[in-house]
Amino acid sequence: MLSKFLTLALAASVVSAQTYTDCDPTKRTDCPARKAVGSKPVDIDFRQGKHKFFKEADGTKLSYDKDLGAVFSIANEKQAPTVGSNAYIFFGQVDVTLRAARGAGIVTSFVLQSDDLDEIDWEWLGGDNAQVQHNYFSKGCTETYDRGGFSPVADPIGTFHTYTIKWTSEQLDWIIDGNVVRTLKNTGIEGCAGYPQSPMQIKLGTWVAGRKDAPQGTIEWAGGLANFADGPFDGYYQSLRIVDYMGGQKEATEYKYGDKSGTWQSIKVIGGDGVVSSSSSVTSKATTKTATSATTLQTVSSSTTLGASNTTSSTDATTTPTGTTEEATETDTEIAIPTGAAGKIAISNMVAMGAAAVLGYLVL
């Protein structure tokens, strides 16, 4: 049963990948520079109401609760409330405290995405109150499907937890309540398994995967068709903290691609005084190399389900990874998704699932 679930989940993970950008700097030279979050951290408490840091997507209407925060509500399958940040981070840390929306077929998301479609994800299924999913994409590539993972978490639908993405040029950590649950190392590999490395916007939203017009694999992954007679289905985003590492520079007001490579070293950091700095001046151990194997990752095992705790993980996130996704070690609580039949199912569903991806995340 577990292997069947993983296969369905992996097939449906195509909908997590963003397939649209209004200007891809790896294909065009006229893309605009993007506003940087910069050196001052952004702290947002949605219990106090709307915040100017986020822009609502077309059709999005949010309400705000003094205890629960921003309410992302879905009452029918055409709704997908989504917000996107008005500034980008170039490496950094984002902490989001949220409660996922309940309901089979409903998905809650916290996503970082770049203009050239690098992406880092957290996703919660409304019919799964025991775990959270995490994934990443490089340059919008969905030709392979071996990068998704799962981590246990106690009652993500009924309890607020803080989910963190900590992202540097060398390492990416997914963290729950202070505990590192997955680490991805930048090995310099290119292609689908490449490391996310270009400036990213922050997106929050809920959407319907259990739609009547969705592929069967997507519906099964989502836990079945959404039953709106039991709605509305509400996701709650309570607070955020955003810290921009600015590509290793001391200040930043804008980020601009220096060429079409999409590498972090090519990004130009425009400072507060208008001075343009190159991120290539920041030393990194990662070297570029082409390979067909996946980017090295480490999944952190645990004998118990994570609860609301700020304790430090007993596993050092900087230790040497135990293997690639093809040979990652499975434990009773943390699973790295393998390749194989699941990839074939994903490919067969990819065209049909494209529409779900667009509906799932409205273009900002």
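Using N, Cα and C of the backbone, Cβ positions are placed for all residues, glycine too.
Those TrEMBL annotations? Automatic predictions, nothing curated.
The signal peptide annotation in TrEMBL covers 1-17.
Same-chain residues at least 6 positions away in sequence with a Cβ under 8 Å from that of Cys31 (disulfide bond) are, in sequence order, Cys23, Asp24, Pro25, Asp115, Tyr257. Annotated disulfide bond per TrEMBL: Cys23-Cys31, in sequence order.
Per TrEMBL, the feature domain 'GH16' maps to 33-254.
Summarising the environment of Glu119 (active site, nucleophile), the number of other Cβ atoms within 10 Å of its Cβ, over all protein chains shown, is 21. The active site, nucleophile annotation in TrEMBL covers Glu119.
Under the heading active site, proton donor, TrEMBL lists Glu123.
Look at TrEMBL and you will find 300-326 tagged as compositional bias 'Low complexity'.
Here TrEMBL flags 300-335 as region 'Disordered'.
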Fewest other Cβ within 10 angstroms of its own Cβ, chosen from the recorded positions Cys23, Glu123: Cys23
